[in-house]
Amino acid sequence: MHPINAVVAARMLAGISQSNALQSEAIPFGSLEWITYAGISCFLVLFAGIMSGLTLGLMSLGLVELEILQRSGTPKEKKQSAAIFPVVQKQHQLLVTLLLFNALAMEGLPIYLDKIFNEYVAIILSVTFVLFVGEVIPQAICTRYGLAVGANLVWLVRILMVLSYPISFPIAKMLDWVLGHNDPLFRRAQLKALVSIHGEAAGKGGELTHDETTIISGALDLTEKTAQEAMTPIESTFSLDVNSKLDREAMDKIQARGHSRVPVYSDNPKNVIGLLLVKSLLTVRPETGTLVSAVGIRRIPRVPANMPLYDILNEFQKGSSHMAAVVKVKGKSKGHPSTLHEENSGESNVSSNNSELTAPLLLKREGNHDSVIVRIDKANGQSFISEAGRQGFSHTSEEIEDGDVIGIITLEDVFEELLQEEIVDETDEYIDVHKRIRVATVAAVAISSLARAPSGRRLLGPKGSGGPKTPKASSTPKPDDKLMGTMTGPPQGNN
């Protein structure tokens, strides 16, 4: 039984002893005074029911839920939530106001029922009406239609809050000080759980597909993942020596890899000094034996291994570079480890106020797009960062320069972590470098399933028996066959 109902019953029992002792005369049934007392009793029961329903209905509406309805609900829901929001913001004052007037109605009910009914009848009626009319029915209605009921009665709530202000406001402030305010926002883990619950795979009626839930979860996890988790290890990266020749063999390897950018190293593959844009080789003739150093080599930015992927993505999307060398910083540093470093030939590096990176990936393109950016004689371990550019960095340029290159990270690597799936194109040799799953394996499975498919769904061969026959493939290899899936070198992830 509700505590207030127990108080009502106790008062009615106390009224029995008092009436028996005083032998007071009951008010005649049907008289004006009886009708007045009966009307007041009915009003108190209904008023108590409204207060009880509003307490449950309004207090169950969270601030986040109301903001969501204001932004994405129907026009009716937007109007209702906008009307309720200012009242629900004062949660403790609203709670004290509703409970105060609910208690007043419950306390006043026995006083009037005792004057118009027999004591035993008054107890039965009081408990019954208070339980069903004052508690069960209002709360059941407001649980389902709390938004609509609250919006229609918000004017009454405002009046009651003004009337009870001298009492409710001090108590509400005390509750705010003691209990504090509830945090209406969700944490990252809670958002991921909420998204997964709304997915179709959860079987709870959600509309989000598996791809949608996967991408949203990947976006939430991206801030916690670092460059080392997404990079391609330097041992598995295809790169070129700066002193090597761009002969036919080298050009065939570059073409077979199918990458748009190739890291360039000096002496040691871990000593990455820049990157080569493959499109700059269009004018290079293999028979001339041009050195890699004679082609436009662009500087490659360096990032610490523990740099968050969101910081890398923010710099990649500026368009200056889509590849960076991941460096394992030797020195220990304080603060957030998100520093991006690049080798600069004389220019002053400028740091953006909105970025924790040391400098933009490329500050300036000298001349045309094929101009040489890196000076080979100054590329080994030197740094040209101004004092202004060093301010506010977690890692100094010297620490990054002295660090060992452990891998290469590209924009595609970041997207794969975002999508949580491997991106495979027609030139990739491996689906997953770490698991070493070859693309050819997947292609063989696809061809096998295609061969078992009905003739109407096959991509090769005539649709009908009367059509032209498909010519047999020649057993003699073509000159370009060695470029298609014959590379057995280490896997690579630098696109």
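Numbering starts at 1 and runs along the chain as it is shown here.
Placement of Cβ uses the backbone N, Cα and C atoms for every residue, glycine included.
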Read off the topology recorded in Swiss-Prot and answer whether Glu67 and Lys328 share one side of the membrane. no
Contact count check, CB pairs under 8 angstroms to the transmembrane segment (121-141), set 43-63, 93-113, 147-167; argmax is 43-63
Who are the chain neighbours of the topological domain 'Cytoplasmic' (64-92) in space, where the CB to CB distance is under 8 Å and they lie at least 6 residues beyond its ends? 58, 147-148, 150-151, 154, 157-158, 161, 171-173, 175-176, 179, 181-182, 184-186
Six or more residues beyond either end and a Cβ under 8 Å away: which residues meet both conditions relative to the transmembrane segment (43-63)? 84-85, 87-89, 91, 94-95, 98-99, 101-102, 105-106, 108-109, 112, 129-130, 133-135, 137-139, 141-143, 145-147, 149-150, 153, 156-157, 184
Within the topological domain 'Cytoplasmic' (64-92), count helix residues (DSSP H, G, I), strand residues (E, B) and coil residues, in that order. 26 helix, 0 strand, 3 coil
